[in-house]
Amino acid sequence: MAVTRTFLLIDDDTDDRELFAEVLAAVDPVITCKQAIDGEEAFRKLQKGTEQPDIIFLDINLPVMNGWQFLRKIKTADGLKDIPVIMYSTSSDQNDKETANVLGASCFLTKPNSYKDLKGLMEAIVAAARQNNPATAICKAIASYRRSQ
Amino acid sequence: MNTNVSVIPEFLAGGGEMGARIREYDWAATPLGPVDTWPQSLRTCIRIMLTSRQPIWIGWGKELIKFYNDPYKAIVGGKHPWALGSPASVVWKDIWKDIEPMLRQVMQEDEGTYVESQLLIMERNGYAEETYYTFSYTPIPGDDGGTAGMICANVDNTDRIISERQLKTLTQLGKRLAGLQASRDVIQQTIYTLEENPQDFPFALFYTVSDNRATLVNATELGDAAPQVPAEIDLDGPGLGALLQRAALLRQPQILEGLEAIMGAMPMGSWTIRPTKAVILPIVSATVKEPYGFLVAGFNPYRLPDEKYMGFCSLIMDQIMSGFADVHLLEEERKRTAALAEIDRAKTAFFSNISHEFRTPLTLLLGPIEEALQNPAIDTDLKAQLDIAYRNALRMQKLVNTLLEFSRIEAERVDGKFTRVDICRLTVDLASTFRSAVEKAGMALNIECSYTEAEVYVDVEMWEKIVLNLLSNAFKYTNQGHIDVRVQVADEQVLLSVTDTGIGIAADQLNKIFDRFHRVENIQGRSQEGTGIGLAMVKELVKIHKGNISVSSHPGAGSTFTVVIPTGKAHLEDGRIEENDPDTIISKQADAFLQEALKWLPEAPQYEAATNDASDPALYKVLLADDNADMREYVQRLLAHQFRVITAVNGEDAFSKMLQYKPDLLLSDIMMPKLDGFGLLQQVRNHPDTRHIPVIFLSARAGEESKVEGLDAGADDYLVKPFSARELLARVEANIKIAKSRIAAENNVRNMIMQSPIPMVLLRGDTFSIEIVNEKALELWGRDHENAINKPLLEVLPELDKQGFGQILHEVYTSGVPYHGNEIPLELMRFGKPEQLYLNFIYTPLRDAHNVVTGIIAVGVDVSEQVIARRAVEQNEQELTELANAMPQLVWVAGPKGETVYINNRLSQFAGERNLQYGDGYWGWVALTHPQDLAPTETAWQKAIATGSVFQFEHRMLMKDGSYRWHLSRGIPQKDDNGQTLKWFGTTTDIHTAREYAALLEQEVKNRTHELQELNIALQRSNEDLQQFAHVASHDLKEPVRKIKTFSNRLQYEYGDLLPEKGKTFLDKVQRATERIFSMIEGVLSYSTLNAAEQEIEKVDLNKTLADIEEDLEVSIQQKRARIVRSELPVVEGASILIYQLFYNLINNSLKFARTDELPVIHITCSTLQEGGQDYVEVAITDNGIGFEQEYAKRIFDTFTRLNAKDKFEGTGLGLALCKKIVERHHGSITATGIRDEGAVFTILLPLIQIQRPFKADSNGSNENLFTNR
């Protein structure tokens, strides 16, 4: 059974990071949530790191190296390009979603507007993370969660 | 239907992997037979199992053929997937003997059973994990009614079991480490406690650290592993040492990986596998850098070192650390106590030595005096003096003896010699010696003793001290009333009580009163004299008698001291009892106590010296204040030859005599009853009549500190007892002289101030009390002398403080720097009316002999008239200048010869720097005039000067920007009575505009055209900027709003139940308002995006678009129970996202504005038509909602138009505006018709083919910006 152990959340917003990690921990204490505040820091850590995250959650508006730059970089980096990336942004702009798709993000998750939503989504994500192809499963879970709302 | 394809029965649908496996399994080959033959109860159970998220398995039939669901896979572990369809006895072969009886009970007796918190090692998350499950076996009836199978549901208890276990370890550790005495015990208890939790800590090793080496001092049972464990670890070494070092530096637990490679096979604790990791807990004090030690503990092999486990380890570490900290504190405390005891012993030894040293010279002093006194030929005057010397030497001897005695008791060198006494007689006799003194003081002494034959043993000398000390103490602190001494014998105890009606003792002092050297401060006794050891000694003496002493007191009402000693001799050591001396004689010490007590009484008249020549008016007067009669007499005798001496017995007495006699000097003791020296000094300094009188303190309090204290308080000098006669006389004389010359100087100042022709005042002290003020000043203030003198200035003139003068005074007073004020405005209430004045004034600090600022001399001059007059002139000039500057022309004034004397600030419009130098009569107009115009201009000007006629000429002048402009200069002469020109008044006016009007006009038109073009470009740019701005701003706005939403939602979610009704309403309002902002931002965002983005044209199937929309709006459609009826729609060309938005908004609109009394129905119909050679589709969206009045049909497409209250219908006011924009972008149109409360129809006309392709964002012409006002 494929096991998802680690998420990496790249977001410069402290509240959002904390909220994400907190809700994740509440929903599933086993999955660790690593964090980075900009693309550059994240990319540096990933290049060095030995324990790579299973899935990356990526914000768009980031200092130093923004989400698009990071996405472009990681998707062309040997050894890192297979780590699935799920966009995690405030934006719900269709253009942004298309850009994400073109640059190779697995899917686009607009930051939920309510705590309840975040919790529900996280439950769906965590449940999907246990499946064989976690990124695809998570994207499906997000889509179906959105539809059910 | 094809019979070969088996239909999946509904109960097997879904269920993830296991659902699929069950469906695919060849059941026909098992005893259960094909699926369609399965009984209904099995089907139901399997359905339950597949849909449950709880791990469940089902056993069916005699063999309990196994089914299970996805969550159960982790429990069945390696037996998956073959366990499916296998008999339970095969699957659970390893634990069959445990579970078989339970299963039998279920199957045969139809009775459920369950197992609680069973430990199962499972790989749920990719590693073997310690887990606990509670599971139940429940029988399932078959269709025939008998038990046909069972279902087993499992509940995960892992977290609870582990948390409870860890909590227990922490609690135990906390309990055991509390109050331990030694570090060794802390380590022992830690190891002992960890040993009780072999799950989390398979083993534990404790190392202590010294010199950077960790040494193993204790460990849990290690068995065979003991020799492998390193007994010492070098912290500077690599590997383990480095890891320990790191842990100590970070003060955080560290994980040791690869345990087996480092230490070999370690104990397994309660597991069957060995730990592979260990945790290192540094034990570091918060203050000391070197760690105390390390705890190395084996790690639970079935858990990960995650946050929870590490958190637990950190808590363990904290507990151990606080255990060490407690022990450390205890040790420190022990050391401190030992040190204090040592100091105490040293002190006692010192007293003992010093007292011995005193006794020798005292003896040599007393002997000769006694002899001299016995000489009958002695002169009376000399005898009186010798008497004083003798009395005081005796007193000193008593003090020394007391000290010596006390130090011996302290050193436990006194044991007492106990004899049997008649306690009544002894005590009554002793007490009676005080009768004369008590009665002389106007009080009563009551002695009461019930006659007793009781057998009482005391050390007579000690008992005397007890009684005399208590009596002396009572007498000292009682000014009126009575003193009662009572002896009682009862219950084999002797009870001695001494009760007074004195000043009493405050409650907070009661428990300190028996402490050595403790003296109650600031109390009104007969004397301040005393050693502070009397009561402490009494206490010790009573203790030697195996008794105890207590005190009770009411401040102001009196105190009672009670001594209790046992009767008989059983409590005394045999060797200390002397039976042979039953008669006792009162010793000489009673006399010493009495003599001392008598001296505390006021004025013994026989000692008043006859030498006091107080009546000689030619002598300076000295007031002497001292409560000690001998001291008074001695000092008086010394001074009497040169001064007239007045005496006072305490501070109060002294002050009243100061006012009465106005002495030239005060000589005062510091420690005095009623009012002490400092208190007296303060009163003297605060009274205007005595302020200047010099004060000399006399005190026995030696040392630099008290000297400074005395001088700080304002004394002029300080004499320490003992002092010599010569020194005293010299100091008194010197201080009187200094004071006299100071007074003379002050008188000079006074005279100077009083006679000064300008207002002057002397302010004294930091209250700025008006000490001297002259008539001029009073006149200026509008106050009279009586209401000003000796009062604080800021009280007399309160308006000063408000205007900042108070602060200036304080600054001068504290800094000592004079202050000069010039033409300072001041509003004064003069004779009741406010008046505006202007003052020139100086505040000068006044210093005393010690250079300390003690006051301020203020001198002021009223300059109001000058100031007001000058201000008027200045204002006049100012006005004229402003007038001139306000004129658009150059205004100038020239002298009779044409030299410029004034020019207004229009000059700045002209070129060059030369023209600024008009001060010397030349402002450079010559240089500014156009060369072609210069000669004629000058000719005209010279001519005007010569003839005195009006000058007028047109000429070009060089401007600041380098251009020449036409000017008209005109000057008019001002003449005196003789017709002589005094001044020229002139103007130079810019007439360039008028002259060049035509040319200018032409140029203007050109410029304007150009400007317009530029403006157009700028507008376009700004439009793009605005759009960009709207987009970015909306994005940035979304962030905080989303957070408000998230956190308010979280508030409701987590704390909603705690909020009162009102709070819930508020929160609800917040959420609804935020929701609106959010939708608004979304709207603005899509609206602005529409302008900005470049959209690809593609074929859009409207049927599909609408199907998508219906799916996306599903929730809302279901909620409103709406129905959408649509006919077949065509394929159009357009931007798919925009087309989607268009219809989405319209349908959403219809849903939003649905009527509450009718279920919404939305009809979408279409037709195609041709217009202008182009094919169009017309789509009509008709609803039965609230509709609108037809007059609004156009306005509803404007941005931010709302027809309905926002609290009734949600909406941003942007939706329809967006629709209109999208339609127009596609070269179509949109119209709306509506009837209020019946419904609305939105009709969209869209071309089937977009001719311009690709179409772009609006160009400047048709651009409608979001923020453009319409």
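Cβ atoms are placed via backbone N, Cα and C, with glycine included.
Keep in mind it's a predicted model, so treat the numbers as computed, not measured.
Here is what TrEMBL says about this protein:
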COILED    B:998-1025  coiled coil
COILED    B:1092-1119  coiled coil
DOMAIN    B:353-569  domain 'Histidine kinase'
DOMAIN    B:621-736  domain 'Response regulatory'
DOMAIN    B:822-875  domain 'PAC'
DOMAIN    B:876-948  domain 'PAS'
DOMAIN    B:951-1003  domain 'PAC'
DOMAIN    B:1032-1250  domain 'Histidine kinase'
MOD_RES   B:ASP669  4-aspartylphosphate
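Counting Cβ pairs closer than 8 Å and at least 6 residues apart in sequence, the domain 'Response regulatory' (B:621-736) and the domain 'PAC' (B:822-875) reach fewer than three and form no contact. On its own chain, the residue listed as '4-aspartylphosphate' has B:ALA625, B:ASP626, B:ASP627, B:ASN628, B:MET631, B:GLY677, B:PHE697, B:LEU698, B:SER699 as residues at least 6 apart in sequence with a Cβ closer than 8 Å to its own Cβ. Within the model, the domain 'Histidine kinase' (B:1032-1250) shows a mean pLDDT value of 81, rounded to a whole number. Secondary structure by DSSP for the domain 'PAS' (B:876-948): 43 helix, 11 strand, 19 coil. Per DSSP, the secondary structure of the domain 'PAC' (B:822-875) breaks down as 12 helix, 34 strand, 8 coil.
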